[in-house]
Amino acid sequence: MNKRMVLALFIQLHLAAILSLYATKILESTNSGHWEAILIACLLEVLLAWLYLSGLSAFPGKHIGEIIREAAGAWAARAILLPFVAYIFFYLVLQNRYQIVKINIVVLPSTPLWAVLLLNMVLPFYAACKGIHAIARMGLALFITFMPFVLFSLFISYQNFEWRNIFPIWQPKLTFVAEQPFYTSLFAFSGFLFLGMLSLNKPVKLRKLGPSMLLVAAFGFASVYVPLLIFGQETAIRFQYPVTMASDTIDLEWVVFDWLPTFSVVSSSALGMIESSVLLWMAMTLVRKLYLPLPDKWLAAILSIAMYICSMQIHNVQTLNRFFSMNAALCLYSMIILPLTLGLSGWRKRRTTS
Amino acid sequence: MNKSEDRDWERHLLDTFALNTDFAAKRIELSDQLVHVYYFVTLVDLPGTLASMNQSLMSANDGNVPLQHLSDLYQIDSNAMPEELAHLLLQGRLVVRSPHTGEPLIFKALEPSISRSVMPPENESPIQGAIDGFTEDLLTNVGLLRKKINHKDVVVVTHAVGSTFCREIALVYLKGKANPKIVQTVADSLIRNKHKDVRHVEDMLSVLGQPKISLVATYLATELPEEAAQNLMDGRVVLFMDQLPYAISVPAILKDVWTLKTDFNYPFLYLLFFRFIRMIGIIFAVIMPGLYVVLNSVNPELLRIQLAISVAKSREGVPYPAFIEVLLMLLVLEMVIEATTRLPKSIGPTITMIGGIILGQAIVQAKLVSNLLIIILAASTIANFTMSGYLNTIGIRIYKYVVLVASAAFGILGLEMSVIWIFVYFAGLKSFTVPYLSLSLKGTKTDE
């Protein structure tokens, strides 16, 4: 797997998260100075990614499970990584549910949810069985084919921007830090964790990730500010899908298509597909290496079916939101404890070898 | 040594070919010695061979033993087992019993003229390029290729495979350009599967360890020495099978779907234009029928209202759902393609006329399918054949139906997912250690 593929996957994983629930959560967490919340999350990711990567670089060719097992023993590794696996799995469930509801509302109002979910289950299963290298190649291919749609759907509504909606621009008290939605929104920046699963012989350097992180941050800003500039805080906060709604505010003569939110849904579901494939592959690999040594295909099948059943159990948007908030605890654990553990093991290994 | 006593190998040959009237065992005078020869009259031109042998003996200096001199010129270095002798005879060799040791000597012989000469290719039409095509004869083909690529690093290795059905396969690569891993894989599998019979290209692919069912061809077949030479330059391994007028280059990658090697005979801008057209063609061919169903029956709200109405109007009076309509017409179209492919050239145009004009016009007037569909299908079929390489078009022709079914079931989402699915499929496909989804064979550079 080469650098370009890793970077493309890195960007796509973030983008998939950003285009889903991120904007809603940021809009909920504060009513002014949204950029501060986004910026803080970005800086937090840079810091944690630095720790994480510095730990990884001490163990070339190994993935996170092996590293922790080497540093702390097999049972400790299982205990430390259990919340991470749970996080990945529930994230998969919730993202898929979120996706299919959006698809159902925008493009397929008469198709039953279970059928759409079936599609969302089968493709990631197929991709996860092929392995991360295949997923990375596919990611690059989709990056080239679907990125224009992402950009198109995100920025097409620029003519409706009301620049005065940007005010108040300054929020001196950082009140969002005390708000629960802010912590839920952090899941969008947990994408760096997949780097630990790749077992790269030459671990990625933070410097190399820089441009991609800037791009991700730019998309983070765009996904919040596009609906904010069009609708203003008071209206935008009422939407379940602010980014998709934003692309519905314009009418372009030169496009043959009339129903422009379709582009938004098409692009975000393609990204969602990559995200699901990667998440499923991560969960599958971790479970196989640490808990249950079954063949990949079996594990992937079990996990996808479990995902399908769990997703079907969520009956409405309120429950979905509640689960997202609950999953935030697991997310924070994975985002903070894992980089710390890795950073520490890396530091210890460097000290003992030198 | 008793001359009338048959050796083991002689008896074996006589037994094996006893029923053949064109198998000959004769005693002839060769360089003033009586020798036994074995050959097929249909494959060996004996008088011609003897004449040329005598001519070369005349020009030889007198110091040499005559038979030795002939051996130097004509003998193929081979310590053949009796079974192999049979194969060599079938390849048109002359087997001579050595008057001194009684062992078989295998001589090259002139063929009666049953091979065609080098001609322009039948199934590919090069524009602005060399127009000689490969023939059935293996050595001629290798020679044609060598002429096109005057390079000292070209390596030609010939393998004979098959136990009951012997076939010669030549493996050609460019040392230094070809990925050693690919060369090794191909050579290893040829040696490992030496005993397997190779009758068709499919047999050869199984010898090479390729998957039996694959949507896209993992090899490129060409009739043009120029294409094959360029394939060598790109680092591919070229395989020739005796009696197959195609060069088979492995591995194939995604880029081959829209590139032709003879493109390089044009100015760069034209090359870009051709490739762009082909890429658009691929996209059209894959998604058009599916998109028609999406816009007609699942997500008509995607279209602008004026357009949606005109689309709906064109389908007025058509008695079945859009999916069935498309499927029926696609099948008719496939049959037209299949029927015209191998028909004699004098009947082909008639079928085209019946299929295109009469059927197309009548079916619309009878309100069985809409005009728009005819336009879309014609466009997607034409687009299908813009792709480079006949083999590649077939995979896309098949995949179109997957897109169609997915679109009918899930609308625009199904269309998108089927496109993603084909990417996942390509991403997981590897031929000879090279991922199909790469843009170049050199190094590890892997792209779309």
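Cβ atoms are placed via backbone N, Cα and C, with glycine included.
These figures come from a predicted structure and were not determined experimentally.
Residues or ranges marked as transmembrane segment by TrEMBL: A:33-53 (among others).
Tertiary neighbourhood of the transmembrane segment (A:74-94): same-chain residues 64-65, 68, 187, 193, 276, 279-280, 282-283, 286-287, 290-291, 303, 306-307, 310-311, 314, 320, 323-324, 327, 330-331, 333-334, 337-338, 341, selected by CB-CB distance under 8 Å and a gap of 6+ residues from either end. What TrEMBL records for A:74-94 (among others) is transmembrane segment.
Positions annotated as transmembrane segment by TrEMBL: A:106-128 (among others).
When Cβ-Cβ distances below 8 Å are used as the criterion, the transmembrane segment (A:140-161) is approached by residues 4-5, 8, 11-12, 15, 19, 219, 222-223, 226, 229-230, 243, 246-247, 249-250, 252, 260-261, 263-264, 266-268, 270-271, 273-274 of the same chain, each at least six residues removed from its ends. According to TrEMBL, the transmembrane segment annotation covers A:140-161 (among others).
Note on the transmembrane segment (A:181-200): residues 1, 6, 9-10, 13-14, 17-18, 21-22, 25-26, 28-30, 37, 41-42, 44-45, 48-49, 52-53, 56, 60-64, 66-67, 84, 91, 132, 209, 216, 220, 278, 281-282, 285-286, 324-325, 327-328, 331-332, 334-335, 338, 342 of its chain, located 6 or more positions outside it, place their CB under 8 angstroms from a CB of the stretch. Annotation comment: TrEMBL describes A:181-200 (among others) as transmembrane segment.
Remote same-chain partners of the transmembrane segment (A:212-232), defined as residues 6 or more beyond its termini with a Cβ less than 8 Å from a stretch Cβ, comprise 7, 10-11, 14-15, 18-19, 22-23, 26-27, 34-35, 38-39, 41-42, 45-46, 49, 154-155, 157, 160-163, 165-166, 188, 191, 239, 242-243, 245-246, 249. If you look up TrEMBL, you'll see A:212-232 (among others) marked as transmembrane segment.
Look at TrEMBL and you will find A:263-286 (among others) tagged as transmembrane segment.
The transmembrane segment annotation in TrEMBL covers A:298-317 (among others).
Annotation comment: TrEMBL describes A:323-344 (among others) as transmembrane segment.
Under the criterion of 3 or more C-beta pairs below 8 Å, with sequence separation of 6 or more, the transmembrane segment (A:323-344) and the transmembrane segment (A:33-53) qualify as touching. Comparing A:33-53, A:263-286, A:298-317 for CB pairs under 8 angstroms to the transmembrane segment (A:106-128), the maximum falls on A:263-286. Using a Cβ-Cβ cut-off under 8 Å and counting only residues 6 or more beyond its ends in the same chain, the transmembrane segment (A:298-317) has close neighbours at 89-90, 92-94, 96-97, 100-101, 113-114, 117-118, 121-122, 124-125, 128-129, 240, 280-281, 283-284, 287-288, 292, 323.
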